[in-house]
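Novice: Handing you a structure now.
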Amino acid sequence: DDRSLSRTMGSVVLQVGALELITRYSMNSGRATSLLSSLHEFRTQEMEQVGGTQWNWKYLRDQFNQKNLEGLYRKYDDKLRETLIFIYLSLLVIFSTTHVVIVVSSTFSEQIQSTSTYLTMGMYILRIGIPILTLWKTCYYPMKKKCLWMPILVTFIVTLDLVLTDIAISIYSSFEGISLRPAYSTMALLSNYIFLPMRNNFLAIILGILVSVIYVLIFAFFTYDQDPQIGIVVASDIIYLIGVNLMGVYFRLMNEIVTRRSFLDRRACVESTLRLKFVKDQEERLMMSILPEHIVSKVRQDIRNMFIGLKTRSLSQNMRSFNQLYVEEHDNVSILYADVVNYTMISTTLAPMRMVELLNELFGRFDEASEEYDVLRIKFLGDCYYCVSGIPKPTDQHAKNCVDLGLEMIHIIKDV
């Protein structure tokens with residue numbers, strides 16, 4: 001009966017070392033110091049690398065090509081450019097509306113209704129309307145999916161629209177004898193380099209040069225053509241436009257560097273999170289495979305406390321002090337040892353890989369059967385399967401469970 005089995009078996013003492021992954025006395029103080037110095041050296045090298053090549057534009061582009069990340073980066077960059085496009089449209093609407101209100105209020109208050117006033121209003125309507133039509137989400141993004149060159153075309157259209165509507169007013173005013181300087185040269189250049197969706201840096205520079213040349217010609221032949229100091233004035237505007245172009249190119253390159261670096265950092269963060277989750281899952285499966293479930297939480301907590309103790313004690317002291325044995329006493333349990341007959345002979349005749357596959361299949365089916373019969377597998381002893389019934393939850397059927405599991409194991413061995 002259960003009492004005689006209990007007296008025969010005695011009390012079962014479960015002594016489990018802490019994971020066997022950390023050897024208690026294998027690391028002396030010298031090796032611990034070496035480990036810490038190696039970690040410090042790695043940290044130093046990492047900081048030197050971060051301060052050097054990792055912020056180099058060419059290095060970042062090479063990294064994206066080597067890791068095949070350019071396509072993913074373009075999607076990431078598109079999301080960021082959506083905000084820039086919205087900012088550009090908002091600024092354009094605000095500036096143009098304000099300008100129109102000022103022009104209309106000033107002319108009508110003085111009862112001046114000239115053709116230039118209506119021309120100005122028409123140009124500003126075009127200046128606002130064309131960018132909104134071409135950059136609006138429902139129009140631009142479907143076209144961009146169909147045509148890869150659509151961002152380039154849209155950038156040229158929007159920039160030239162801003163330039164042409166700006167210089168048209170100056171050209172018409174010059175025919176009426178009024179020298180009117182174009183007002184949106186700076187915005188046209190900065191929108192090309194910063195806000196609009198064209199990624200190609202070379203084409204952005206070409207477009208910036210084209211816009212600058214157009215404005216210089218307008219300055220020379222329409223705005224300042226009657227100025228006696230036209231050479232000095234135009235030269236100063238050329239220097240100004242060169243400065244705006246250089247500032248735009250610099251901002252564009254720095255923005256690309258920051259965006260690419262941010263993308264790599266975010267990717268590394270996501271990758272490390274997934275890797276950590278994968279390692280934790282592996283650790284969980286490993287611990288569950290070598291320790292009873294009710295012991296795992298205690299072992300995990302002790303390991304966590306050991307690493308927390310590194311803040312106040314040396315690594316070698318923590319390793320030496322990690323000698324906790326997880327001892328529990330249980331009564332009214334039954335133990336089952338399942339030993340494979342002729343295991344030595346089988347291991348000498350089978351190839352190592354085949355032997356591993358055989359044992360994996362055999363012990364895997366043993367685990368499934370032990371769960372079915374409410375028996376807890378403790379450990380593997382070579383070809384011996386060591387399990388016990390009655391823990392962690394006591395049961396009066398512990399002896400019957402072991403007998404039933406043993407009979408099932410015989411059938412499993414025959415099948416395998």
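Every residue gets a Cβ built from N, Cα and C, even glycine.
So TrEMBL lists the following for this protein:
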{"type": "DOMAIN", "residues": "334-416", "note": "domain 'Guanylate cyclase'"}
{"type": "TRANSMEM", "residues": "84-104", "note": "transmembrane segment"}
{"type": "TRANSMEM", "residues": "116-136", "note": "transmembrane segment"}
{"type": "TRANSMEM", "residues": "148-172", "note": "transmembrane segment"}
{"type": "TRANSMEM", "residues": "178-195", "note": "transmembrane segment"}
{"type": "TRANSMEM", "residues": "202-224", "note": "transmembrane segment"}
{"type": "TRANSMEM", "residues": "230-251", "note": "transmembrane segment"}
Novice: Under a Cβ pair cut-off of under 8 Å, which of the recorded stretches 84-104, 148-172, 178-195, 230-251 contacts the transmembrane segment (202-224) most often?
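Specialist: Going through each listed stretch, the top one turns out to be 230-251.
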Novice: Take the transmembrane segment (230-251) and find every residue of the same chain, 6 or more past its ends, with a Cβ under 8 Å from one of its Cβ atoms.
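Specialist: Counting only partners 6 or more residues beyond its ends, the transmembrane segment (230-251) has Cβ contacts under 8 Å with 185-186, 189-190, 192-194, 201, 204-205, 208-209, 212, 215-216, 219-220, 224.
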Novice: If we skip the immediate neighbours and take only residues 6+ beyond the ends of the transmembrane segment (116-136), which ones have a Cβ under 8 Å from one of its Cβ atoms?
Specialist: 85, 88-89, 92-93, 96-97, 99-100, 103-104, 107, 154, 157-158, 161-162, 165-166, 168-169, 172-173, 176, 178, 197
Novice: Can you check how the pLDDT averages out over the domain 'Guanylate cyclase' (334-416)?
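Specialist: The predicted confidence over the domain 'Guanylate cyclase' (334-416), as a mean pLDDT, is 86.
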Novice: DSSP helix, strand and coil counts for the domain 'Guanylate cyclase' (334-416)?
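Specialist: Tallied per class, the domain 'Guanylate cyclase' (334-416) gives 46 helix, 18 strand, 19 coil.
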